[in-house]
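As recorded in Swiss-Prot, the features of this protein are as follows:
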- 1-12: compositional bias 'Polar residues' (COMPBIAS)
- 1-111: topological domain 'Cytoplasmic' (TOPO_DOM)
- 1-102: region 'Disordered' (REGION)
- 14-23: compositional bias 'Basic and acidic residues' (COMPBIAS)
- 31-43: compositional bias 'Polar residues' (COMPBIAS)
- 47-58: compositional bias 'Basic and acidic residues' (COMPBIAS)
- 87-100: compositional bias 'Low complexity' (COMPBIAS)
- 112-132: transmembrane segment (TRANSMEM)
- 133-924: topological domain 'Vacuolar' (TOPO_DOM)
- Asn231: N-linked glycosylation site (CARBOHYD)
- Asn364: N-linked glycosylation site (CARBOHYD)
- Asn827: N-linked glycosylation site (CARBOHYD)
Amino acid sequence: MPSTYSDDNTLRSGLDRFRDHSPSQHRRSMSQETDSTVSTTSIVFDRIQERLDTKEFPARGTDGDDNDSLKDELNNDDLETGPFLGNASPSSRSNQRSSADGQRMDRSLRRWLFIVSGALVATWVIGLIFFVSSKAYKPSSSFAHDPQATVTHGSGKKVTLDQVLNNEWRAKSHSISWIAGVNGEDGLLLEKEGANKDYLVVEDVRAQNPSSVEASKSKTLIKDKLFEFANKTYWPTVTVPSRDLKKVLLATDVQNNWRHSYYAVYWIFDVETQQAEPLVPYDADARLQLASWSPTSDAIVYTRDNNMFLRKLDSDKIVQITRDGSADVFNGVPDWVYEEEVLASGVATWWSEDGNYVAFLRTNETGVPEYPIQYFVSRPSGEEPKPGEENYPEVRQIKYPKAGAHNPIVDLKFYDVKRGDVFSVDISGRFADDDRLITEVIWAGKQVLIKETNRVSDVMRVVLVDVGSRTGKAVRTVDVNDIDGGWFEISHKTKFIPADPANGRPDDGYVDTIIHNNGDHLAYFTPLDNPNPIMLTSGDYEVVDAPSAVDLQRNLVYFVSTKESSIQRHVYQVKLTGEDMTPVTDTSKEGYYAISFSTGAGYALVSYQGPNIPWQKVISTPSNPDKYEHVVEENKDLAEAAKKHELPINIYGTINVDGVELNYIERRPPHFDKNKKYPVLFQQYSGPVSQTVKKTFAVDFQSFVAAGLGYICVTVDGRGTGFIGRKNRVIIRGNLGTWESHDQIAAAKHWAQKDYIDEDRLAIWGWSYGGYMTLKTLEQDAGQTFKYGMAVAPVTDWRFYDSIYTERYMRTPQTNPEGYESAAVTNVTALSQNVRFLLMHGVADDNVHMQNSLTLLDALDQRSVENYDVQVFPDSDHGIYFHNANRIVFDKLTNWLVNAFNGEWLKIANAQPNGMKRRALPTA
């Protein structure tokens, strides 16, 4: 869905995909983590401490509730009472002078006062010495970051917007490119541009363990960063080794297409000769949409101009697999909506493990209506305009199925490499062409598991195809209306479990996430056609984007879960029998973890993301007898910065709305004073299955609002969001905007009753779905609670958004017209009851079209509603980055909010002309 200023403080170019993101996962970053896409073995192996001293960053304090008791604090001015809003009234200070100021004081009285004053000073000094020596007080700079402090002392530096926008508060993090060894060795990874090393090297983590006798030696794949061909020099952007590590597929001249996809020139690099040749023989400039290795390392399949081709490495001959590719027919790559909402990838090609078959999607979007994206300043196509058309905008027509419109027709095809033919397998009971979504394809030996749903995502079928016999059958059919009336979320984490009778697995199977116990849980289906699983997890919690990995040697499944808390993430392991579920991470302490496993699941990169300063380390998994641990990242610079700055006071808790416990975080100014009245900015995303309240380390825009501007910033995850049970999630089905806005209004009323809140200065803001929810909340509230709002790139009518995302939650406009009408932002009279609101949108937004904002503006015009401001950004997509636009967005948000809380918008509501100054007449 719309990209959002997301829960992980990341700004992405698409509505957040609604698991932990918006409809289309969050992308670009103002995030607190930065992924180094380059493999990080150099960091793992070069001069790294043996252990990470996490005691340096202990978690202290407890979760706050609504009536937390606060210690008295230093009353340093925040911007709440400082230069933005003016200081305290002079009447609060004495402005009277004694009438005896000019009189002389009796000498003995002065002597007596001097003695008493000296005694008092001496007493104060002695007390101060005792106070300091007892360590009852420390300046803020002497503490490591405490994310759960309820008070802050000291006078450190202020958090600035520039720091946030320049990513100075972003935690460093790294990704590891795990690969399997030629003979299946575990623990190998790719290292690119390591210190004092060749450009691309295969390393073995076990080499750093003196007790390991199985460690492989380093292997150089590419010596130099640059390579030459036909007297031209090239620099690879993408490097993908073959499974046998004898060749490397390189991509140069990469040009982005949509969120995930790109065009590039591809090369085959020979490791032995260190020479490259074009993937397409005799055409070194061929721009391809996709290229991928055969698992047997002897062939590459690629897509060019929407047709698929095969090149076997033992010859220059190219085999054309499909011939019907066109502007409307895609082979092996997805169209816009499948890339954005289904696959979350630019890849729709899947090799069988034996290299004998290629499965691929054929997408026909002939019947899908087009939407024009206009570029007024740039020309993303790279093409020069035709003579006489230099002053016209470039227009890109994209096939974009809006809710209720024709969807692309998608079929799964198979290419038999040995026979050289393409075939499909018809299975009885399949969904009709315009009612079918193919959401996941998993090779299971010589068979294929295919997940498909109807277009509104409430009926799912799992189909099993035997490519040898070219037959198939449905092995599972689930109607979610029989469970809770919700929907199926798309997952790409299903794991094939091959049979291993000697290891207790007599049949093939697979591990999948299913609906169970009011949430998402792991299930093991074996044999492949068995619809009745072994439950691996169950209980009042959920698994997250699971499974993470499977250790086939030890029959273990690894996964991330909310078992400890809905706003924490810990890693666990469980046997394929469903027994012995144990934590991998330390559950005795609060934590939010992510994890990346080696190909055999014997090693992992553990990423601690909060609430303390983030860190990373590579470990051996608990069942691996070859024990190993190395720190990758400690973020010492970030820890030092946290010591030297006044960060907001983060209070976590829950509020009860209609009997449902909703998570919140309240960010307070560093010198919070319970005797003051603070304005409040509510920030939310609120999209289905999203989560914004998390126990992660973050110094983001919301932190700046609290620590830099001195306001309170609150986030509440209402109903419809994730990880508080499906019952509270699926209530929004067919009625987007109703319950989410209700919960935001209820939360605002809850805060308005607090003694330290200024109930007349409440604002709400959000991006993407959060922008929609801002407008919907202002509409539903009609100025009763919220006075101000700031909406960026909002949906205003779900009939304008893409079919696959929207219909999952709303069904179709044809079957739910009342729901769509109710969900749209149409009551502009109610919007006029707010003091003022701000609307911003990127003109070239291919995700949430500017049509949404323009339609709302027209409705405002028709009703003569004028209490709003508008900013548009030429050539910016959903992330709003083009030509410095992102900085302007946050500058505008900041200044607009300060003016709102300063009362400036009240002054212009009924603007009146000032009296005219009398012109001075010239004197004679």
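Each Cβ is built from the backbone N, Cα and C atoms, and glycine gets one as well.
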Packing count at Asn364 (N-linked glycosylation site) (other Cβ atoms within 10 Å of its Cβ): 17
Segment-level pLDDT (mean, integer) for the topological domain 'Vacuolar' (133-924): 93
Pairwise CA distance, Asn231 (N-linked glycosylation site) versus Asn827 (N-linked glycosylation site), rounded so that it is a whole Å: 65
Between Asn827 (N-linked glycosylation site) and Asn364 (N-linked glycosylation site): CA-CA distance (Å): 39
For the glycosylation sites Asn231, Asn827, the one whose C-beta sees the most other C-beta atoms within 10 angstroms: Asn827
